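Enquirer: Just passing along the structure, written as structure tokens.
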Amino acid sequence: MAEQAHDLLHVLLFPFPAEGHIKPFLCLAELLCNAGFHVTFLNTDYNHRRLHNLHLLAARFPSLHFESISDGLPPDQPRDILDPKFFISICQVTKPLFRELLLSYKRISSVQTGRPPITCVITDVIFRFPIDVAEELDIPVFSFCTFSARFMFLYFWIPKLIEDGQLPYPNGNINQKLYGVAPEAEGLLRCKDLPGHWAFADELKDDQLNFVDQTTASSRSSGLILNTFDDLEAPFLGRLSTIFKKIYAVGPIHSLLNSHHCGLWKEDHSCLAWLDSRAAKSVVFVSFGSLVKITSRQLMEFWHGLLNSGKSFLFVLRSDVVEGDDEKQVVKEIYETKAEGKWLVVGWAPQEKVLAHEAVGGFLTHSGWNSILESIAAGVPMISCPKIGDQSSNCTWISKVWKIGLEMEDRYDRVSVETMVRSIMEQEGEKMQKTIAELAKQAKYKVSKDGTSYQNLECLIQDIKKLNQIEGFINNPNFSDLLRV
């Protein structure tokens with residue numbers, strides 16, 4: 001009887017189609033498979049074709065299944081996920097396809113597919129339509145937030161900022177301070193720290209209001225899952241707990257796993273052997289993430305600043321990181337620079353393993369949320385170079401609140417880069433090493449059996465079962481062994 005109940009549990013996960021969202025969703029998919037669920041991972045057709053190592057993931061998790069649906073754009077058209085038109089296309093085109101997919105699992109018997117009907121949906125927090133469809137079909141739905149609790153709370157505070165007259169701001173000053181958001185954020189948040197295109201809001205626009213409505217609709221879900229932990233963001237988790245039925249802080253989610261997942265970029269593992277040849281804490285790791293683009297001039301300023309610092313560095317040079325037509329010439333110039341064993345350039349790196357390597361002593365980062373959590377978990381101080389989205393406020397918290405990194409902001413010149421690299425790898429970095437080491441210790445405890453992130457994950461699993469009114473389920477006896485504790 002217990003096995004029959006076990007076989008009925010089928011969770012569908014649907015992330016926003018960007019690496020920074022897909023990665024933590026894949027982590028959650030693996031964790032739910034470890035707990036004994038059938039899991040369907042839903043991606044766009046475009047990104048599904050780009051995923052690497054799917055066969056390895058499928059072999060490790062037989063209960064994990066992949067589906068894909070159209071995002072409304074032709075296969076050969078570039079995807080600009082920051083363009084409101086792309087977001088609108090997904091919401092309009094994908095909604096009926098999503099509904100049909102859920103219905104198809106009801107129509108086709110589990111004997112034919114080997115999988116039961118969908119009994120729970122976990123959707124990206126910035127999507128409203130999966131909640132609409134799940135409610136229509138009477139399927140329990142949860143929202144998963146892949147950015148910080150702080151940034152999530154700002155979505156709910158934007159209407160109050162409009163009411164108070166702080167938005168829109170006609171003077172064009174994106175550094176204008178915002179007040180009344182929360183005591184712990186007073187004097188720290190600026191207009192450019194707001195979600196979406198609100199950072200540049202000199203008038204109210206429909207796409208801005210729609211983006212907020214899409215995300216705040218997540219409060220209708222059965223609960224909010226967050227990739228964070230309470231010691232890091234306790235005040236904002238507390239505020240979100242007054243908005244949502246339930247919250248589950250399960251971060252750093254990658255630290256709950258013993259295995260590594262696939263992604264949209266092919267990792268070059270040769271850099272790990274190179275790191276083996278370097279002294280402890282002697283290497284600066286440089287990566288602008290999966291989405292950020294910089295100009296050729298900015299790239300060369302970073303490059304020469306790193307060279308002038310005299311420190312060893314590992315540079316992730318994504319194939320599409322440079323804006324403009326002179327990308328090939330700039331990249332050629334970099335690769336023709338004599339390394340003399342001091343540096344290495346790769347197209348994409350296994351970031352978690354790199355940060356965890358004893359040779360890495362600093363991280364020059366775009367300050368995406370996944371990168372921050374991975375750096376904290378590894379105990380590596382950061383140089384923060386924010387560009388888009390939540391990265392600006394992340395930078396403020398790294399440098400001013402948590403004091404685990406330096407704030408570069410818009411100073412993309414070689415002198416600033418050289419100065420900050422020297423600082424993070426020398427005297428100032430030593431102080432931050434102690435601070436972030438303590439935070440890393442807390443993060444490690446949170447994902448242990450006695451930690452709140454581990455317990456919140458178990459609570460989520462139990463709540464999914466309860467919402468499906470399945471009782472007598474016997475926990476996977478190997479579940480604890482499959483987690484990194």
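From the backbone N, Cα and C atoms, a Cβ is placed for every residue, glycine too.
Heads up, here are the entries from Swiss-Prot:
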ACT_SITE  His21  active site, proton acceptor
ACT_SITE  Asp124  active site, charge relay
BINDING   Ser290, Gln351, Trp369, Asn370, Ser371, Glu374, Asp390, Gln391  UDP-alpha-D-glucose binding site
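For the listed features, I'd like the structural context: burial, neighbours, distances.
Expert: Around His21 (active site, proton acceptor), a 10 Å sphere centred on its CB holds 22 further CB atoms from the protein chains shown. According to DSSP, His21 (active site, proton acceptor) sits within a helical segment.
DSSP assigns Asp124 (active site, charge relay) to a strand in the three-state reduction.
Asp390 (UDP-alpha-D-glucose binding site) falls outside any helix or strand according to DSSP and counts as coil.
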Enquirer: Round to the nearest Å and give the CA-to-CA distance linking His21 (active site, proton acceptor) with Asp124 (active site, charge relay).
Expert: 8
Enquirer: Using all protein chains in view, find how many other C-beta atoms are within 10 Å of the C-beta of Ser290 (UDP-alpha-D-glucose binding site).
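Expert: I get 23 for this one.
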Enquirer: Using a 10 Å cut-off, grab the number of neighbouring Cβ atoms around the Cβ of Asp124 (active site, charge relay), all chains included.
Expert: 22
Enquirer: Taking only the Cα atoms, work out how far Asp124 (active site, charge relay) lies from Ser290 (UDP-alpha-D-glucose binding site), in Å, as a whole number.
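Expert: So the alpha carbons of Asp124 (active site, charge relay) and Ser290 (UDP-alpha-D-glucose binding site) sit roughly 18 Å from each other.
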